[in-house]
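A.B. asks: Quick paste from TrEMBL:
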- A:37-156: domain 'PurM-like N-terminal' (DOMAIN)
- A:Asp39, A:Asp89, A:Asp233: Mg(2+) 3 binding site (BINDING)
- A:Asp39, A:Ser53, A:Asp89: Mg(2+) 4 binding site (BINDING)
- A:Asp55, A:Asp89: Mg(2+) 2 binding site (BINDING)
- A:Asp55, A:Asp140: Mg(2+) 1 binding site (BINDING)
- A:Asp62, A:Glu287, A:Trp330: substrate binding site (BINDING)
- A:Gly139, A:Asp140, A:Arg165, A:Ser235: ATP binding site (BINDING)
- A:Asp236: Mg(2+) 5 binding site (BINDING)
There are 2 protein chains.
Amino acid sequence: MTETSQRPAVSDLSEGELLARIFPLLGPATGTVVGPGDDAAVLADHGGPVVVSVDTLVEDHDFRLVRVNGFRTSGYDVGWKSAAQNLSDINAMGGTATALVVSLTLPPQTPVDWVEDCARGLTAAIRGLGATGCSVVGGDLGGGGQLVITAAVTGTLDGRAPVLRSGARAGHTVAVAGTLGRAAAGLAILEDGRPVEDFGSPGEELVAAQLRPYPPLAAGPAAAAAGASAMLDISDGLVRDAGRIATASGVRLDLDPSLLRRYADPLLPAAHLLGVDPMVWVLGGGEDHGLLATFPQDALLPPGFTAVGSVVPGTPQVTLASQATALGGWDHFAD
Amino acid sequence: MTETSQRPAVSDLSEGELLARIFPLLGPATGTVVGPGDDAAVLADHGGPVVVSVDTLVEDHDFRLVRVNGFRTSGYDVGWKSAAQNLSDINAMGGTATALVVSLTLPPQTPVDWVEDCARGLTAAIRGLGATGCSVVGGDLGGGGQLVITAAVTGTLDGRAPVLRSGARAGHTVAVAGTLGRAAAGLAILEDGRPVEDFGSPGEELVAAQLRPYPPLAAGPAAAAAGASAMLDISDGLVRDAGRIATASGVRLDLDPSLLRRYADPLLPAAHLLGVDPMVWVLGGGEDHGLLATFPQDALLPPGFTAVGSVVPGTPQVTLASQATALGGWDHFAD
């Protein structure tokens, strides 16, 4: 936080005053019996099982307020990303989100307008991504040494069975919904010393993909309805996340590089400026929060999904055109 | 964190290795269709509305790993408290908890055994407080500059209406379940320079009340069943929290000091050693996570509740024997 001397900070307000600024920015608490302001929120009865997940973003670990090139991450960006990654977890089970609760840990010098922007970003993501029926229904505010935002999300399956990671079988099609490599390309631009403007408007769009990811929320329930046998959201990179399906299902996932070119080719200009192979972003980059799913041979791929490979028998691993890939070794978390 | 050189730190393990240490300490994921390990957990269908809340504990703000007197807060304590304060929020609505999701932000030097202890504390609180049917069903692990633990909790109302803060009416009885002032007394002992042992075993029990609060989880649903008109959990102090019911309900809550002596008297030895009036702890101390509720005149107080005052007409405020109290001014958050 710099250049904050002219802006009111959260330490200038009481908790109640800060909440009074935030609540109007969250919009109405749709689908609730009791919204924000009591000990807990009460959601309208959706019937059926409840899907629940939690995700955290930490300053200087998951985002940087100011980059080496002077680029500033706004509260809006952080709010958007927090909502998006949580909504994506419900999407990856084949569900639809019903509510978010959000905890903000704020250093005392945090500008009030940064927090207001964060609330706007949460709301904008919920609406912009099409999570109708979902809203921020409660939260927690507190002090800390660095900015931390944790959101927990609930969802419903609308009568469908959840799509797990363990149902991929030999012969099934491997498919992707959403984008691949764009968020990683945006991160590479942000971590480069040059101003973002040097990468032109395509570069700015890649930075936007990193800051405000666009998980395809219609695709998760559509995949579940189409009979997807396994699914997860690609948050840590295609190869690594494909490895998780391979491990959970006891199969090999073979990706077809020729089918992945369509994701790499649009990244060529930025990749050229940065001197990298864009396939590294497509195969190893996370945070796009697209979906990776497998479908039985006879299933029609639902709208938004593109085939990128197939499930084959064998030791659980991920291969590229049947070849072990060095990028497989990039999966350094042994899960 | 000090004296960690001989203990493995989280930076020595992969995320998967750390999760493999934690999962067995969480016990079975009761009441779930899908437990930890997928994109989200799926809870068994409880029917009816879902209650949801979130609470965060931050190192050096909500807890201190090492006190001036050398006292160390364990991972077990922090895990217990995180679970307890979340379970208490569901209790305060008259509900019963069904699941916790927990996000841990860990500095790289955090000892692995501290994290394992935290998982044990979460599980111990759920079981020790009697939250049968609840378990930790998922979570998130990440790095950060200071320890932060955020838990979100879901619950069910078992067919009852939620008990809000807004239903208190003139003539209703004001009652408390659980303890008052003990956590604040424990905090005062921890913040004193002397070793905890100087306060004897009663002092150690007060410190335990601060570190591992004991919200009365049977009392919330019992209050709802008995027709409680308003309820919240006392997390910020009796007067301040009573003020919230007064404001939400548009009434005055008059507390009877003679009925509060039973909470203050056991604190006299510690108060004497620290040179304070124990009523300050009873009226202003939070973190016991007892319940404050109001009941219609004709309602029988359910087991565990003790009358401490009455609801009277008038400007929303809290009085002590009909007198405005200086402690009311301690309610510095203007909500």
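Numbering starts at 1 and runs along the chain as displayed.
Glycine residues also receive a Cβ, built from the backbone N, Cα and C atoms like all the rest.
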A.B. asks: Cα within 10 Å of A:Asp55 (Mg(2+) 2 binding site): which of the binding-site residues A:Asp89, A:Gly139, A:Asp140, A:Asp233 qualify?
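C.D. replies: So the list reads A:Asp89.
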A.B. asks: Checking interface proximity: list the binding-site residues among A:Asp39, A:Asp55, A:Asp62, A:Gly139, A:Ser235 whose CB sits under 8 Å from a chain B CB, in sequence order.
C.D. replies: A:Asp39, A:Asp55, A:Asp62, A:Gly139
A.B. asks: In whole Å, how far is A:Glu287 (substrate binding site) from A:Asp233 (Mg(2+) 3 binding site) when you measure between their Cα atoms?
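C.D. replies: Cα-Cα distance, A:Asp233 (Mg(2+) 3 binding site) to A:Glu287 (substrate binding site): 9 Å.
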A.B. asks: Could you give the number of helix, strand and coil residues in the domain 'PurM-like N-terminal' (A:37-156) as assigned by DSSP?
C.D. replies: 34 helix, 46 strand, 40 coil
A.B. asks: With every protein chain in view, how many other Cβ atoms are within 10 Å of the Cβ of A:Asp233 (Mg(2+) 3 binding site)?
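C.D. replies: Neighbour count, Cβ to Cβ under the 10 Å cut-off: 28.
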A.B. asks: Restricting to the domain 'PurM-like N-terminal' (A:37-156), report the mean pLDDT as a whole number.
C.D. replies: 96
A.B. asks: Can you tell me how many other Cβ atoms are located within 10 Å of the Cβ belonging to A:Asp89 (Mg(2+) 3 binding site)?
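C.D. replies: There are 31 such Cβ atoms around A:Asp89 (Mg(2+) 3 binding site).
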A.B. asks: With DSSP assignments reduced to helix, strand and coil, which class does A:Arg165 (ATP binding site) get?
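C.D. replies: Where A:Arg165 (ATP binding site) sits, the three-state DSSP reduction gives coil.
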A.B. asks: Measure from the Cα of A:Asp62 (substrate binding site) to the Cα of every one of the binding-site residues A:Asp39, A:Gly139, A:Asp236, then give the nearest.
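C.D. replies: The smallest Cα gap between A:Asp62 (substrate binding site) and any of the binding-site residues is with A:Asp236.
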A.B. asks: Using Cα coordinates, what distance in whole Å links A:Ser53 (Mg(2+) 4 binding site) and A:Gly139 (ATP binding site)?
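C.D. replies: Between the alpha carbons of A:Ser53 (Mg(2+) 4 binding site) and A:Gly139 (ATP binding site) there are 15 Å.
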A.B. asks: Roughly how many Å lie between the Cα atoms of the residue listed as 'Mg(2+) 5 binding site' and A:Asp39 (Mg(2+) 3 binding site), rounded to a whole value?
C.D. replies: 35
A.B. asks: Over all shown protein chains, what is the count of other CB atoms within 10 A of the CB belonging to A:Asp55 (Mg(2+) 2 binding site)?
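C.D. replies: Around the Cβ of A:Asp55 (Mg(2+) 2 binding site), 26 other Cβ atoms lie within 10 Å.
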A.B. asks: Measure from the Cα of A:Glu287 (substrate binding site) to the Cα of every one of the binding-site residues A:Asp39, A:Gly139, A:Asp140, A:Arg165, A:Ser235, then give the nearest.
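C.D. replies: For A:Glu287 (substrate binding site), the spatially nearest of the binding-site residues is A:Ser235.
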A.B. asks: Including all protein chains displayed, how many Cβ atoms other than that of A:Gly139 (ATP binding site) lie within 10 Å of its Cβ?
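C.D. replies: There are 26 of them.
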A.B. asks: Let me spell it out: for each of the binding-site residues (A:Asp39, A:Asp140, A:Asp236, A:Glu287), count the other Cβ atoms within 10 Å of that residue's Cβ, using every protein chain shown. Which one has the most?
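C.D. replies: When each Cβ's neighbours within 10 Å are tallied, A:Asp39 tops the list.
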A.B. asks: Cα-Cα separation of A:Gly139 (ATP binding site) and A:Asp39 (Mg(2+) 3 binding site), in Å?
C.D. replies: 10
